[in-house]
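Trainee: What follows is a single structure, and I will ask about it in a moment.
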Amino acid sequence: MLEHVLGSASLAKESLVYSYGRSFNGFAAKLSPPEVDTFSKMERVISVIPNHKLHLHTTHSWEFMDFSPGKIRPQEEGNIVIGFLDSGIWPESESFNDEGMSPPPAKWKGKCHNITCNNKIIGARYYNSEGLYPTTEFKSPRDAIGHGTHTSSTAAGREVDGASFLGLAKGTATGGVPNARIAVYKVCWDMLGCSNADILAAFDDAIADGVDILSMSLGSDDPQPFFDDALAIGAFHAMKHGVLSSASAGNSGPSPATASNLAPWMLTVAASSMDRKFISQVVLGNGEIYPGIAVNSFKLNGTSFPLVWAGDVANYSGGNGLLNAKNCLPGSLNSNKIAGKIVLCNSVLGDYTGVVMANGLGAIVSFPIPFLIDIALSYPLPATQVKTGDGDAILEYIRTTENPIGTILVGETWKDIMAPYVASFSSRGPNRLNPEILKPDITAPGLDILAAWSPVASPSGSPFDTRKVKFNVISGTSMSCPHASAVAAYVKALHPNWSPAAIKSAIMTTANVMDPRKNDDHEFAYGAGHVNPLAATNPGLVYNASEADYIHFLCKQGYNTSTLKQITGESNASCDGIVPGRAWDLNYPTFGVAVEDGQSVNATFTRTVTNVASANSTYRVTVQMPSSVNVEVHPKELSFSTVGEKKTFTVKVSGPKMVEQPIQSGTIVWKDGVHVVRSPLIVYTITPNSMTTSPFRPTERIGFGANSNNWNMHF
């Protein structure tokens, strides 16, 4: 095909980047716009999509969830392979030792390229369609930035005693399924991001290699229609082959409608806290003490040093004024005035770089955005982050004291009695592409997670940081995603024949209830609730869904036969006879009603549940909903005589006109005396044109910002 379009075999060979054929048919090639147009018109071509780039989204957590990794059914766990689309892995980490592990499962067809694998890491490939390798990178699956090492060890790392970040959070580090196997697909590169071409090549290999679960801590800041979304397309093909894709929701919170990875065949994971937080206190010369949030390993041994406010020490000769200086931006501070001193920064960006560059001894960062004070960052110098009010008090002390002094204490861990609550950065719903499908699906620990790290990567992300660590503490939906991936692998180990939708349903309907008083965005922040690993293995009932169900969903959303093929890759895919409408009939474990502002509430859902527990059981329904919304479920009782039996019920939701009302949320719960099958039901208002409302017409292309081609790892 390339030779036909380009005119010669040599040009075709030069253009070809990848040929996908192990799990789906396609190829990646370097083409000019006219050549793309020619291909788009060819009868044999289903779709042509640009090579967008994604970004990476970034072990007390298992104890926090009352789960003991690796203690139950370790042999079955060893049959499960988790594939990680990420930045690679550091294979020599203690978290990936294979002591006592048997050879890989007989089904495994993967390979290891340019690194040595073992019975723990059984596959390692790398993809770089652009052929560009920064000097910081390895031309192999080896991890140069730490992200992939951290996520893979969070999900499936072996037990490592005495793990810590330079003495902080010392204990035993372990993944959720320490006996499961790891397969690495390096698609993300330092400074370059993660390209569509590489991602699709990784999906093609991972599916054919025989992975059971895919974990993807990456995504786009601007969700794209599924036919233009490499992760959605790849995950669809994975679903067809029985593989569940677990993905991070993104780090653009707490703004609404920011969640990414919105396809209903993916498990989309938000990030929440656990009952441990990292504190580094500021002690002033007047005896006042202010708690700060930081992962601070530097010891000043209680010695006090001179304190200065960054706004008083601007580098005017370098062209910097008060604004740059107080934000401690690079080059903004006068090194003659801050050398050997602790600097107070009033930083909108949370920056400290100017202090390091000007040889300051330490930094106190007063962050003016109160909802971001939950993130404990690591710095390349003694530093901590304080609330705005505390920062103001410290500034007042500096201004009213002739020789102000202070110190920053080494970090320690405190118990957070408010946990769990959703992290401020975690991307929120509602779903911009399909308002009736609640996203994110679930939340899991993603704040201050200790896991393995690449020793060549800066633990703080700063080029000034020369520390080398084996374990690091970082935050992000990138960290919550592998927690959910591990739970999915655990469920798959105990129920190897369950479909991806069944596993996803089990995780969602058994989730622990989150406290809405701690989360203003309610289900838009945490989805069905907080993941509960043990309960997910025995859900009682599951909401199953097949490829045909998702195709019907896409057709209802306004996709036509042509655009449908761009996702499924099948020439016989068709939307004939399906009238576009709401997504209320997709057999999803949650219920969403998006009402245009000023309209009344009127929705009817049809759901089918499958019995996966006792042969003879009867479930009765209860509904919890604000009185302003009426919910009727028929029938109110479901009786099963066999395992695998299916029963269908309907849910009718009605209510008066809604005008700028906040989310009205409740639950539909089925109980049989042993199992509790809980599904959130949300009703909320949307304004016309506030998002891409259902039904979505693929021919009405959405306009994205200039950065829509830049995809991030979700740090």
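Cβ atoms are placed via backbone N, Cα and C, with glycine included.
Caution: TrEMBL annotation is automatic and unverified by curators.
This is the feature table in TrEMBL:
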- 2-57: domain 'Inhibitor I9' (DOMAIN)
- 79-527: domain 'Peptidase S8/S53' (DOMAIN)
- D86: active site, charge relay system (ACT_SITE)
- H147: active site, charge relay system (ACT_SITE)
- S478: active site, charge relay system (ACT_SITE)
- 585-683: domain 'Subtilisin-like protease fibronectin type-III' (DOMAIN)
Trainee: Summarise the domain 'Inhibitor I9' (2-57) as counts of helix, strand and coil residues per DSSP.
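Mentor: Final tally across the stretch: 20 helix, 14 strand, 22 coil.
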Trainee: About how far apart, in whole Å, are the alpha carbons (Cα) of D86 (active site, charge relay system) and H147 (active site, charge relay system)?
Mentor: 7
Trainee: Within 10 Å of the Cβ of H147 (active site, charge relay system), how many other Cβ atoms can you find? Include all protein chains, please.
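Mentor: The Cβ of H147 (active site, charge relay system) has 30 Cβ neighbours within 10 Å.
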Trainee: Pop the mean pLDDT for the domain 'Subtilisin-like protease fibronectin type-III' (585-683) in here, whole number is fine.
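Mentor: That stretch averages a pLDDT of 94.
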Trainee: What is the number of other Cβ atoms found within 10 Å of the Cβ of D86 (active site, charge relay system)?
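Mentor: A count of 31.
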Trainee: What's the CA to CA span in angstrom from H147 (active site, charge relay system) over to S478 (active site, charge relay system)?
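Mentor: Distance between the two Cα atoms comes out at 8 Å.
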Trainee: Which numbers of helix, strand and coil residues does DSSP report for the domain 'Subtilisin-like protease fibronectin type-III' (585-683)?
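Mentor: When I sort the residues of the domain 'Subtilisin-like protease fibronectin type-III' (585-683) into the three classes, I find 0 helix, 63 strand, 36 coil.
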